[in-house]
Amino acid sequence: MASAGPDLLAALPAARRGAASSAFLWSRGRDLAVFGGSAAAALAIAALSAGGELPAWGFLLFVVGVDVAHVHTTLFRTYLDREELRRHPALYAGVPLACYAAGVALHLASELTFWRALAYAAVIHFVRQQIGWAAIYRALAGERARLDRALDDALIYAATGWPLLYWHTCPPRAFRWFVDGDFVSAPWLAAAVGPLGAVYAALAAAYVARVIHRACVARAPLNLGKHVVVATTAATWYVGIVATNSDLQFTVTNVVVHGVPYMALLYTYGRERAGEVPGSLLGRLLSGGLLAFLGLALALAFAEEMLWDRLVWHDRPELFGGAAEEPLLGPLARALLVPLLALPQATHYALDAVIWRRRHTGPAQARALGFGPGRSAGAREAPRPCGEA
């Protein structure tokens, strides 16, 4: 989650930390399905696919159905909640305006400058989300030692940072984050790949040693949720960036592990919050359950991608119609339009770094994160990975 993702632990009021009944956000089965199952599915698709460009079905399923749709689920935490808007009007009005103004300024400097800034913001967002999941699992398990936090954070940064270093220094990859050239080419850093890979391996060994020590010496329960987050982060980032070299394999390993758990969290939060305000817009929307939640997110995602393709990219007429030709927009028109179309994404990155950190977290958010008293009856429906509806 952007300039970062949510540091999920910081979202919890101090009085609620340690109040969880188990070391899982929702339940053992649901957590393993959402985190482990999504990663296993992504890795299986990457292993079984022939690679190559992202086909139309992959674009619809992974880009529209997971990546773009998960951005729009942030609405259930923010703009669809009237009380939330009244509590923080400056935040919810100011962030989109600031993001748009910054986007226009960057695009006027150059189109590549805009995409490069957005790409690096996205990278920070993706990495910080994994840091946040590990933090919440530490809190749920009652792990308070500074060593655990330092080791978890260092290993996740290495598991994501080392593949990114490889990407920046290796010969051109057959994929990109947003557009060609959005990552800086840094072949002069190639000499650091080997030594930093050794540091990564040492951190992984230290993590395993810490797990063994806690289990065998401290007799602490196995923090399975955290270990799944750490292991799947390492596996998907390595496979998607280093071990393979295709647009399809990178996309599936990149977006599924990021988007599916986030959507599960937002659905759980939305159901909890809807139980508190049943007559509100949020409550009415979520009275339709998972289908309503996914239906709105998918409809917005498809509409957004259709606008991108019809107005800017013109590269998937088989999905969105229109001629496969270059757009006729001038530089000023593009500088005004492209940041506008990217606004849901940029706003998601910025807000997501704030909304999960707020000290005075409400009870719905605490319960959605696995803390506080029992969930409302309506919220006990399992948060399922996108695509299982």
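Note: Cβ is positioned from N, Cα and C throughout, glycine not excepted.
Taken from TrEMBL, the feature region 'Disordered' applies to 370-389.
According to TrEMBL, the transmembrane segment annotation covers 32-50 (among others).
Taken from TrEMBL, the feature transmembrane segment covers 56-78 (among others). Counting residues 6+ beyond its ends, the transmembrane segment (56-78) has Cβ neighbours under 8 Å at 84-85, 92, 248, 251-252, 255-256, 258-260, 262-263, 266-267, 269-270, 273, 282, 285-286, 293-294, 296-298, 300-302, 304-305, 316, 318-319, 344-345, 347-348, 351-352, 355, 365, 386-387 in the same chain.
The list of residues near the transmembrane segment (90-109) in space but at least 6 beyond its ends in sequence, with Cβ under 8 angstroms from a Cβ of it, reads 78-79, 84, 117-118, 331, 334-336, 338-340, 342-343, 346-347, 350-351, 354. What TrEMBL lists as transmembrane segment is 90-109 (among others).
Among the features that TrEMBL reports, transmembrane segment is placed at 188-212 (among others).
The transmembrane segment feature in TrEMBL is assigned to 224-244 (among others).
If you look at the transmembrane segment (250-269), the same-chain residues 6 or more away from its ends with a CB under 8 A from one of its CBs are 1, 25-26, 30, 34-35, 38-39, 41-43, 45-46, 49, 54, 58, 62-63, 66-67, 69-70, 73-74, 76-77, 126, 129, 133, 173, 175, 232-233, 236-237, 239-241, 244, 290, 293-294, 297, 364-365, 368-369, 375, 379, 383-386. What TrEMBL records for 250-269 (among others) is transmembrane segment.
TrEMBL lists 281-303 (among others) with the feature transmembrane segment.
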Ranked first among 32-50, 188-212, 281-303 for CB pairs under 8 angstroms with the transmembrane segment (224-244): 32-50
Positions on the same chain near the transmembrane segment (281-303), where near means CB under 8 A and six or more residues out: 64-65, 68-73, 75-76, 80-82, 263, 266-267, 270-271, 273-275, 344, 378, 381, 384, 386, 389
